[in-house]
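Chemist: Here it is: the structure, laid out below.
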Amino acid sequence: MSSIDLKSKFLKVYDTLKSELINDPAFEFDDDSRQWIEKMLDYNVPGGKLNRGLSVVDSYQLLKGGELSDDEIFLSSALGWCIEWLQAYFLVLDDIMDESHTRRGQPCWFRLPKVGMIAANDGILLRNHVPRILKKHFRGKPYYVDLVDLFNEVEFQTASGQMIDLITTLVGEKDLSKYSLSIHRRIVQYKTAYYSFYLPVACALLMFGEDLDKHVEVKNVLVEMGTYFQVQDDYLDCFGAPEVIGKIGTDIEDFKCSWLVVKALELANEEQKKVLHENYGKKDPASVAKVKEVYHTLNLQAVFEDYEATSYKKLITSIENHPSKAVQAVLKSFLGKIYKRQK
């Protein structure tokens, strides 16, 4: 099946799930609440690239090694949408915490005049939709308990990663010397890699009847891939074109533990370090420009390109060491989607 067919079938599943959620018998909806949920879902869930969600279907298809039945397409898509729902929940709350302005090329949900802090409760609802979907469509499956457990564990890891990110960037305690590659890696591993990379493949493996405890090596490769993905994200936040990436980067203003600042501190001379310490994390454009100037002087674009090439080689080697050709195909498909991406 072509990727276009797959995407249109995937999007149809969203409509089905949304319809089930706004008619969930566990709550007495009226027109107002139904309309609110529908608008909130349409605004926050399907707007991204859908890579995480579609990856469940792709991965399952590669594991199966043949055409999928309508039921398999529906179930793998439903799991994919659970990840997109989880992602929407993280992003809605993340944008409030970061005081962001845009997301996916439109104003953040909480920035809409009628929404504001209602967005906090919407985030909780998005999170609660996941077990509703799992219960409705997977309760009779032998892997149901493992699925619920997987989503709970990954959510815990992601929230804990977000916590390290937030407490490392505490306002009033801006101390760049706390930042290092190892802290960056910990934040990335927990905040991004588990839910964006491991979760889609783990869902496909469970649906295929596999035991996740036997696939620790797959998890390790995917966490490495997630780290590489986040370094790309950090790079694009500063060097990407806002009209391409869909948002205006604010990592410098937000005092983020970005790969760029960690690398810059590693390579800078004393004078450049002083500029970084004095200007990183300040909102005014002049300070941001000074930080970017140091990045350019240190030629961080070339440093990143070197990192990208090395990471790619290492990942390919790890993938090709895996005994299963089907699993190799899943991992290579993932890597192919993100290698040298521009957004």
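Just so it is clear, glycine is given a Cβ too, placed from its N, Cα and C backbone atoms.
Given the structure is predicted, the values throughout are model-derived calculations rather than measurements.
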Chemist: The dimethylallyl diphosphate site in Swiss-Prot lists ARG103, LYS191, THR192, GLN230, LYS256. Which one of LYS247, LYS263 belongs there according to the record?
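Modeler: Given ARG103, LYS191, THR192, GLN230, LYS256 bind dimethylallyl diphosphate in Swiss-Prot, the matching entry from LYS247, LYS263 is LYS247.
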Chemist: Given Swiss-Prot annotates LYS49, ARG52, GLN87 as isopentenyl diphosphate-binding, which of ARG104, ARG111 belongs to that site as well?
Modeler: ARG104
Chemist: Greatest CA-CA distance (Å) over the residues ARG103, LYS191, THR192, GLN230, LYS247, LYS256 that the record ties to dimethylallyl diphosphate?
Modeler: 19
Chemist: Which ones, of the binding-site residues ASP94, THR192, GLN230, LYS247, have a Cα no more than 10 Å from the Cα of ARG104 (isopentenyl diphosphate binding site)?
Modeler: LYS247
Chemist: Tell me which of the binding-site residues LYS49, ARG52, GLN87, ASP98 ends up closest to LYS191 (dimethylallyl diphosphate binding site) in space, Cα to Cα.
Modeler: GLN87
Chemist: Of the binding-site residues ARG52, GLN87, THR192, GLN230, LYS247, which sits closest to ASP98 (Mg(2+) 2 binding site) by Cα distance?
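Modeler: When the Cα distances are compared, LYS247 comes out closest.
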Chemist: What count of other C-beta atoms do you get within 10 angstroms of the C-beta of GLN230 (dimethylallyl diphosphate binding site), across all chains shown?
Modeler: 22
